[in-house]
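J.: Per TrEMBL, the features are:
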type    : residues       : note
BINDING : 70, 71, 72, 73 : NADP(+) binding site
DOMAIN  : 7-99           : domain 'Pyrroline-5-carboxylate reductase catalytic N-terminal'
DOMAIN  : 163-269        : domain 'Pyrroline-5-carboxylate reductase dimerisation'
Ligand SMILES: NC(=O)C1=CN([C@@H]2O[C@H](COP(=O)(O)OP(=O)(O)OC[C@H]3O[C@@H](n4cnc5c(N)ncnc54)[C@H](OP(=O)(O)O)[C@@H]3O)[C@@H](O)[C@H]2O)C=CC1
Ligand SMILES: O=C(O)[C@@H]1CCC=N1
């Protein structure tokens with residue numbers, strides 16, 4: 001791809017993106033990773049990146065095309081001043097921090113800095129991420145295309161103009177893998193309660209979620225029709241769905257509250 005990249009923060013999400021990029025050989029040029037956490041830095045070194053514990057240890061001649069900020073929202077404003085010079089010289093800054101608004105970066109880097117606020121998710125590690133990008137007004141079309149190619153290498157990309165949507169994006173696709181993993185956990189536990197050996201229950205729950213996801217993605221039919229296709233009149237699925245789709249206690253109202261709570265928290269973090 002020919003881009004030079006600086007990744008700031010190589011924790012859970014930084015590693016997921018890095019793994020996806022490197023695994024695909026998508027960054028043949030230069031990549032430098034900064035992380036003070038020795039264990040996390042070791043992951044970057046294992047992936048053959050240049051890794052340093054602090055910005056002060058970066059190679060002096062390094063000028064990244066793209067800086068990806070992947071530190072916690074709670075500390076992000078502390079680290080921004082260190083990277084101002086890069087932003088002034090034309091690096092594109094991509095932040096994946098939940099809640100942190102474009103205006104925060106413009107305040108730290110100057111009004112004319114090129115910033116993309118992005119929200120990925122951890123399936124990026126296997127090139128199955130969902131990444132939503134929201135640019136500020138100073139991102140050039142070349143920078144947008146660089147960011148798009150970078151993100152497309154680790155999943156599906158959507159661009160939005162309205163930053164207000166980023167909190168709901170975070171509540172749905174940013175946090176969403178956790179909801180699905182919990183679904184796998186609960187399906188497994190329910191299978192064990194129904195008499196299945198644990199290993200078999202894990203296999204059934206994982207493959208059912210993966211297979212249903214793949215079918216939903218590949219099919220021309222929407223999820224509601226795919227659900228109906230499983231449901232024989234007066235059969236087993238109808239009996240299960242009567243519980244799961246209960247108006248008051250079913251998954252619908254529960255998911256609505258779940259996404260709303262995560263969306264609210266994203267707003268608070270900002
Ligand atoms: N996890 C996820 O699924 C997603 C996370 N995000 C966002 O990604 C960001 C990172 O989240 P996540 O990966 O989960 O968090 P982690 O805590 O796993 O990773 C953050 C990493 O940054 C390191 N760090 C701390 N200070 C600095 C610094 N000054 N310079 C460089 N690195 C530093 C941390 O080290 P130490 O451990 O020592 O503090 C840690 O290794 C957050 O803003 C989050 O909102 C977005 C989408 C999904
Ligand atoms: O839990 C969080 O705050 C981050 C943002 C989206 C997923 N993980």
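Glycine too: its Cβ is placed from the backbone N, Cα and C atoms.
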J.: Where does the mean pLDDT land for the domain 'Pyrroline-5-carboxylate reductase catalytic N-terminal' (7-99)?
T.: 92
J.: Which one of these binding-site residues has the most other Cβ atoms within 10 Å of its own Cβ: 70, 71?
T.: 70
J.: According to DSSP, does residue 70 (NADP(+) binding site) sit in a helix, a strand, or coil?
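T.: Looking at the DSSP assignment, residue 70 (NADP(+) binding site) belongs to neither helix nor strand, so coil.
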J.: Residues other than 70, 71, 72, 73 within 8 Å, Cβ to Cβ centroid, of the NADP(+) site?
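T.: So the additional residues around the site are 9, 11, 69, 74, 75, 76, 96, 97.
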J.: Tell me the Cβ neighbour count for residue 72 (NADP(+) binding site), meaning other Cβ atoms within 10 Å of its Cβ, over all protein chains shown.
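T.: Result for residue 72 (NADP(+) binding site): 13 neighbouring Cβ atoms inside 10 Å.
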J.: Which residues of the same chain, at least 6 positions away in sequence, have a Cβ lying under 8 Å from the Cβ of residue 73 (NADP(+) binding site)?
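T.: Sequence-distant Cβ neighbours: 97, 98, 99, 100, 269, 270.
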J.: Could you give the number of helix, strand and coil residues in the domain 'Pyrroline-5-carboxylate reductase catalytic N-terminal' (7-99) as assigned by DSSP?
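T.: DSSP classes over the domain 'Pyrroline-5-carboxylate reductase catalytic N-terminal' (7-99) add up to 41 helix, 17 strand, 35 coil.
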J.: Sort the residues of the domain 'Pyrroline-5-carboxylate reductase dimerisation' (163-269) into helix, strand and coil with DSSP and give the three counts.
T.: 87 helix, 0 strand, 20 coil
